[in-house]
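Okay, so here's the structure we're looking at.
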Amino acid sequence: MVKSRKISILLAVAMLVSIMIPTTAFAGPTKAPTKDGTSYKDLFLELYGKIKDPKNGYFSPDEGIPYHSIETLIVEAPDYGHVTTSEAFSYYVWLEAMYGNLTGNWSGVETAWKVMEDWIIPDSTEQPGMSSYNPNSPATYADEYEDPSYYPSELKFDTVRVGSDPVHNDLVSAYGPNMYLMHWLMDVDNWYGFGTGTRATFINTFQRGEQESTWETIPHPSIEEFKYGGPNGFLDLFTKDRSYAKQWRYTNAPDAEGRAIQAVYWANKWAKEQGKGSAVASVVSKAAKMGDFLRNDMFDKYFMKIGAQDKTPATGYDSAHYLMAWYTAWGGGIGASWAWKIGCSHAHFGYQNPFQGWVSATQSDFAPKSSNGKRDWTTSYKRQLEFYQWLQSAEGGIAGGATNSWNGRYEKYPAGTSTFYGMAYVPHPVYADPGSNQWFGFQAWSMQRVMEYYLETGDSSVKNLIKKWVDWVMSEIKLYDDGTFAIPSDLEWSGQPDTWTGTYTGNPNLHVRVTSYGTDLGVAGSLANALATYAAATERWEGKLDTKARDMAAELVNRAWYNFYCSEGKGVVTEEARADYKRFFEQEVYVPAGWSGTMPNGDKIQPGIKFIDIRTKYRQDPYYDIVYQAYLRGEAPVLNYHRFWHEVDLAVAMGVLATYFPDMTYKVPGTPSTKLYGDVNDDGKVNSTDAVALKRYVLRSGISINTDNADLNEDGRVNSTDLGILKRYILKEIDTLPYKN
């Protein structure tokens, strides 16, 4: 009762604030006060502290779950800011891994994984009946359709036979029947009300084809007990069944599991280097288990034969595409002994993680317990690397992906369609509103993983792939004299790749064009991470540091931090004009004729409703009046956002710079350079005194110097090589600094 009253008071205050602030929103960006010469380690620790500060609101106060954003009114993949995703949980693990690396305190990694395990991974009570799952009859077939108006889709019990699931028994033998994967979406504050009180609860949204944008979804519970919706809950909005039963169902997004395992790999490596491997050993074991279960994402949706171009049931591994698909899903009855499982026929390059695949295939600490796990991951990570090469455009960007089920109905591919191991090229897998590969962020996210793979393996087969991508992306980054920046935002694709035969052809008929630029802070952080990791890899494996990539990474971090520093001390913040927010009031959400139901708060679900009509609680949000008044004026509302993944991606990039280039420091962007190479003691001169100071620094005598001025060959390090260069300069054997040979 007290908690409910407190929430009501807070909502009343929030509504009052929304009335008082008519234009843009709170906690906007200002210039960072950080001084030149601040180490990237200190920069990371500052941002880490802001993310973890309970007063800043990145985590739920009761469970410690990371929200999608501090702000509640936001619509993108999640349709509410205090909904969260498996993505956010994986970023939490990554944040704590980097913190352990830089401080030696590894407790956060265990905490982050525990929060993940406690909340976003369904436990045995939340997936009852999996022991009744029959891998020889994994699911009942239903067609996919392009548009929500074609749904519900009929379940075809008798007319379509599906293939068999070849991985399930292997996993059961090692771990038991329950899946160890994350469901992708959770209502942390129980805003929709499908759960109990304010307890976090599983929900879902997307169900109805490639044209179903977030604006056209109908949120529904993952555990369907017929409490809300219509007589059959929400089930008959999506599938046409003979009868409907209470049930549960979950869907993963494998890039999140991949990122979590990737982060634990680094935690394990760094902790062992510190002599503290035991501090993360239990988490490593769980990450290895998760990697084994992630093999479920390697298979066609209904286990049909790859490349058949019809509904041909597969046996064994004939249904394995070995890529990371968009999802795997599983479900079953409540109080009944039945369960089902599906894979996914569509693969997007942005979800691939060959680095994680390599970890699961080759690293003993992450070895799968199953009989076939190591073999499958060995095939998978190599197949994923081929996938990137097949999809690399003539310019260098990576195109969308492939499908084994044309139009979601296993139709014949159009004549002339390029293929990859029998799968058809699609520029925008899974979603078309907007196109799933329009967003530049997938380029940075996915290629960062390839950079880590190269860094750890030195595999020369990917050298040309990543060099071409780096050259392309570097040419598209804009650094302005005033210290601001712009990176690609939207991409336009044309043509298609050549059919894959095992060798990259250059894809002269596949092209990408950047159509807009922006300052997405998370993408900027991920891009900086990718470039810095690439630079470190060139030094390790090619004998020559790519200083341009390293310096661009630093520029992106510096400029993102400096220009978007939150005025209220909450990290970094974006200021965004959201023209799409008119869809709050204009976007119709398709409901079949004759169907009616209710949301938990009483909102009516019926034909003709708009997005806001089944989310009327948004009218109580502090941002709502800003959005509504802007809509009435025909303007795009300008709002400030603190996204959890944005903060973490930028923080991790800071940590990467601190790890691989410890002598580099933050520089206020847009200020004239005052660097005097060789002036190690900052007295405005270069002479033998500087040589003495640099020698003491190299010998670790505890002396403080200007490391920017001391890096005389610009390799990101200050060592005896720089001392030798300085001595030669003082003796006039070298005319200018910096000196590169």
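Backbone N, Cα and C define each Cβ position, glycine as well.
Under the heading signal peptide, Swiss-Prot lists 1-27. What Swiss-Prot records for GLU76, THR140, ASN204, ASP241, GLN247, 251-252, 301-302, 326-327, TYR421, ASP520, 645-646 is substrate binding site. Sequence annotations record features per position, and here Swiss-Prot assigns active site, proton donor to GLU87 based on experimental evidence. Look at Swiss-Prot and you will find ASP255 tagged as active site, nucleophile, backed by experimental evidence. According to Swiss-Prot, the domain 'Dockerin' annotation covers 673-739. The Ca(2+) 1 binding site feature in Swiss-Prot is assigned to ASP679, ASN681, ASP683, GLY684, LYS685, ASP690; the stated evidence is experimental evidence. Summarising the annotation, Swiss-Prot assigns Ca(2+) 3 binding site to ASP711, ASN713, ASP715, ARG717, ASP722 and lists experimental evidence as the type of evidence. Residues annotated as Ca(2+) 2 binding site in Swiss-Prot: ASP711, LEU712, ARG717, ASP722.
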Are there any residues in the same chain, six or more apart in sequence, whose C-beta is under 8 angstroms from the C-beta of ARG717 (Ca(2+) 3 binding site), and if so which? PHE661, PRO662, ASP663, ASP711
What residues, ordered by sequence, lie under 8 A Cβ-to-Cβ from LEU712 (Ca(2+) 2 binding site) and sit at least six positions away in the same chain? TYR677, GLY678, THR721, ASP722, ILE725, LEU726, TYR729, LEU737, PRO738, TYR739
Given the model, what does the mean pLDDT over the domain 'Dockerin' (673-739) come out as? 89
Pairwise Cα distance for GLU76 (substrate binding site)/ASN713 (Ca(2+) 3 binding site) [Å, integer]: 45
Of these binding-site residues, GLN247, ASN252, ASN681, which scores lowest on Cβ atoms within 10 Å? ASN681
Position of peak Cβ density within 10 Å, selected from the binding-site residues ASP520, ASP683, ASP715: ASP520
Within 10 angstroms of the C-beta of TYR327 (substrate binding site), the count of other C-beta atoms across all shown chains comes to 22
Could you give the number of helix, strand and coil residues in the domain 'Dockerin' (673-739) as assigned by DSSP? 26 helix, 0 strand, 41 coil
Tell me the Cβ neighbour count for the residue listed as 'active site, nucleophile', meaning other Cβ atoms within 10 Å of its Cβ, over all protein chains shown. 26
Select the closest residue to ASP520 (substrate binding site) from the following recorded positions, measuring between CA atoms: ASP255, ASP679, ASN681, GLY684, ASN713. ASP255
For the Ca(2+) 2 site given as ASP711, LEU712, ARG717, ASP722, which other residues of the same chain have their Cβ within 8 Å of the site's Cβ centre? ASP663, THR707, ALA710, ASN713, GLU714, ASP715, VAL718, ASN719, THR721, ILE725, PRO738
